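Please read the structure below before turning to the comments.
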Amino acid sequence: MQESIQLVIDSLPFLLKGAGYTLQLSIGGMFFGLLLGFILALMRLSPIWPVRWLARFYISIFRGTPLIAQLFMIYYGLPQFGIELDPIPSAMIGLSLNTAAYAAETLRAAISSIDKGQWEAAASIGMTPWQTMRRAILPQAARVALPPLSNSFISLVKDTSLAATIQVPELFRQAQLITSRTLEVFTMYLAASLIYWIMATVLSTLQNHFENQLNRQEREPK
């Protein structure tokens, strides 16, 4: 038992370094995924059916296939076409593309939940559709989308462990490498799992804080 604890202490710098990569991939994947997801959400709401169909096709592909397969096609498959990417950029692209598919549906549902009468009211005072979206619809939709998007981000933190399969030195990969040297399988994977749990707990606490702040603002008299 004492030896296992000492091993975890000795391995902690490597695990924390891996956790740093995990957070980088999570934040980057969520940021770029939200940007692309917003574009896809607008496409899903477009009155032009080919645009809607293209967005639905993209979302169907990335939600209907395993993330690990998407990562493999980017890292191992693209070199067949002369496109070679390092592990971290490959993981960032794969996570962003996958996140975008889920974020798009969340954002689309949030935008659609806003009363249609607000579009008419904004148009009646001379606001353009983009001004209406930016000033009236998006702030309200953001409140609706925050809880599911926060949950998606927490899931993304855990999903980054799949990047270990394409040699990204994130938290799970570091645990694998240490395990291969020490053969302490249970100890190292337990330590890695505890770090994932701590990160998820901190993020969940922040999510609850922001939601409470928003709810408090809504209850305050205008």
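The backbone N, Cα and C atoms fix where each Cβ goes, and this holds for glycine too.
Note that the structure is predicted; figures quoted are calculated from it, not measured.
Glu3 and Gln140 share a topological domain name in Swiss-Prot and therefore face the same side of the membrane. Distant neighbours of the topological domain 'Cytoplasmic' (44-64): 70, 97-98, 100-102, 104-105, 108, 111-112; these residues of the same chain sit at least 6 beyond its ends, with a Cβ under 8 Å from one of its Cβ atoms.
Counting residues per DSSP class in helix, strand and coil order gives 84 helix, 0 strand, 13 coil for the topological domain 'Periplasmic' (86-182).
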